[in-house]
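Peer 1: Here TrEMBL flags C326 as active site, cysteine persulfide intermediate. The feature pyridoxal 5'-phosphate binding site is assigned by TrEMBL to G73, T74, N153, Q181, S201, G202, H203, T239. Per TrEMBL, the feature [2Fe-2S] cluster binding site maps to C326. Per TrEMBL, domain 'Aminotransferase class V' is recorded for 6-366.
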Amino acid sequence: MDKKIIYMDHAATTYTAKEVVEAMIPYFSDEFGNPSSVYSIGQSNKKVLDLARKQAASAINAQPDEIFFTNGGTESDNWALKGAAFANERKGKHIITTSIEHHAVLHSCEWLASRGFEITYLPVDKFGMVSPESVEKAIRQDTILISVMYANNEVGTIQPIAEIGKIARKHGICFHTDAVQAVGHVPIDVVSENIDLLSLSGHKLYGPKGIGALYIRKGTRIQSFMHGGAQERKRRAGTENVPGIVGLGAAIERAVTHLPEEMDRLTDLRNELTRELLKIPATHLNGHPTKRLPNNTNIIFEYIEGESVLLLLNMKGICASTGSACNSASLEPSHVLTAMGIPHEIAHGSIRLTIGERTTAEDVKIVTAALKETVEKLRAMSPLTPKELKNVQ
Ligand SMILES: *Cc1c(COP(=O)(O)O)cnc(C)c1O
């Protein structure tokens, strides 16, 4: 590849960091033993699983035996929702979640609804924020689970998790958060935030794909999701993905070590990117102006289609997205933007840019200039563009 690629889609996935790959490599070949075996190459692998469990636990202030490895964020969400629902169904069948969750949560809820559970989808305000009061109001005698994502994958809004956790604890209701976009990106403390279940994933924090974890606070009622062998203390059967788990542990430790500086650096770059893009006329920021992930900006350009912007950016070697990677095959506007009250016609003009470790100030300049040019070009061709906007150069 001779053309430089500028990657601004870290919320969709990240590359695996070089040190992380290096930490994983021995476990594909020389250190291939099954952690359940008695001989030493198996037993030594059990030790590395324990190390990864420690690394993951300490990043969120959990205990190592509260970490259960899964094959990623989707599995963790499915396990949390379905496992907690069925473990508590004698107490009640009501679940509270939000209208802006990732599809791993929303579709699990839909499936649970088909099995007799009742789901309340809380609305969000124009910034994509859930109000803790609305959570408390939605609680009923038969509420058994509250699931609110830590930070939204499309617009980056960070939810008032500590306040919601406090409410859940006060009412004795299990509280799950999908923290896939947040772990390794912002500080998290499952103890002070009263989180009972938390989903995380490797490939959103410079770890490998196909590996994740579910944090289960000690004493939380949850059924097993995978049945088979006695792995993960009989709660998640299947021979452990040892290289993946080693990579996940290394990636999490690496992310939290750099966290404060990297948050500051990304916030500055992101603010610069947002500021420059908002200079383009008829442009708006989606999501909360300050309570958002340091690496996320999401902008609406009125009168044009986000998909067309992406194709033109791609020709310039710039990778971005219209929101969730899972939505790009459908013509429906994003459920997140719709829930925020953004009209369909303009929701289609939104672009998500998520920067990362390798993003530089120079990249921000190049992307800003490319977007200005692209938006002008598309607006010049669009019959929807008002005349006065076509003449700005
Ligand atoms: C990516 C993502 C998931 C799914 O994680 P996978 O590891 O890709 O299965 C779930 N929730 C959120 C918020 C995500 O961003």
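Residue 1 is the first one shown; counting continues down the chain.
The backbone N, Cα and C atoms fix where each Cβ goes, glycine too.
A TrEMBL annotation is a machine prediction, not a hand-curated record.
Note that the structure is a prediction, hence the values are computed from the model and not measured.
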Peer 1: Kindly assign T74 (pyridoxal 5'-phosphate binding site) to one of the three DSSP-derived states: helix, strand or coil.
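Peer 2: The three-state answer is helix.
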Peer 1: Look up H203 (pyridoxal 5'-phosphate binding site) in the DSSP assignment and reduce it to helix, strand or coil.
Peer 2: helix
Peer 1: When the Cβ positions of the binding-site residues T74, G202, T239 are compared with the atoms of ligand 1, which fall under 6 Å?
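Peer 2: Checking each Cβ against ligand 1, the ones under 6 Å are T74.
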Peer 1: Which chain-mates of Q181 (pyridoxal 5'-phosphate binding site) that are at least 6 residues away have a CB under 8 A from its CB, listed by sequence?
Peer 2: A11, M149, Y150, A151, N152, N153, G156, K204, L293
Peer 1: Starting from each candidate's C-beta and looking 10 angstroms out, tell me which of the binding-site residues G73, G202 has the most other C-beta atoms.
Peer 2: G202
Peer 1: Of the residues named as pyridoxal 5'-phosphate binders, G73, T74, N153, Q181, S201, G202, H203, T239, how far apart in Å are the Cα atoms of the most distant pair?
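Peer 2: The pyridoxal 5'-phosphate-binding residues span at most 30 Å between Cα atoms.
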Peer 1: Looking only at T74, N153, S201, T239, the binding-site residues on record, which one has the least crowded Cβ, with the fewest other Cβ atoms within 10 Å?
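Peer 2: Taking T74, N153, S201, T239 as the binding-site residues, the minimal 10 Å Cβ count falls on T239.
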Peer 1: May I ask which residues of the same chain, at least 6 positions away in sequence, place their Cβ under 8 angstroms from the Cβ of H203 (pyridoxal 5'-phosphate binding site)?
Peer 2: T13, T14, T16, G72, K209, G210, I211
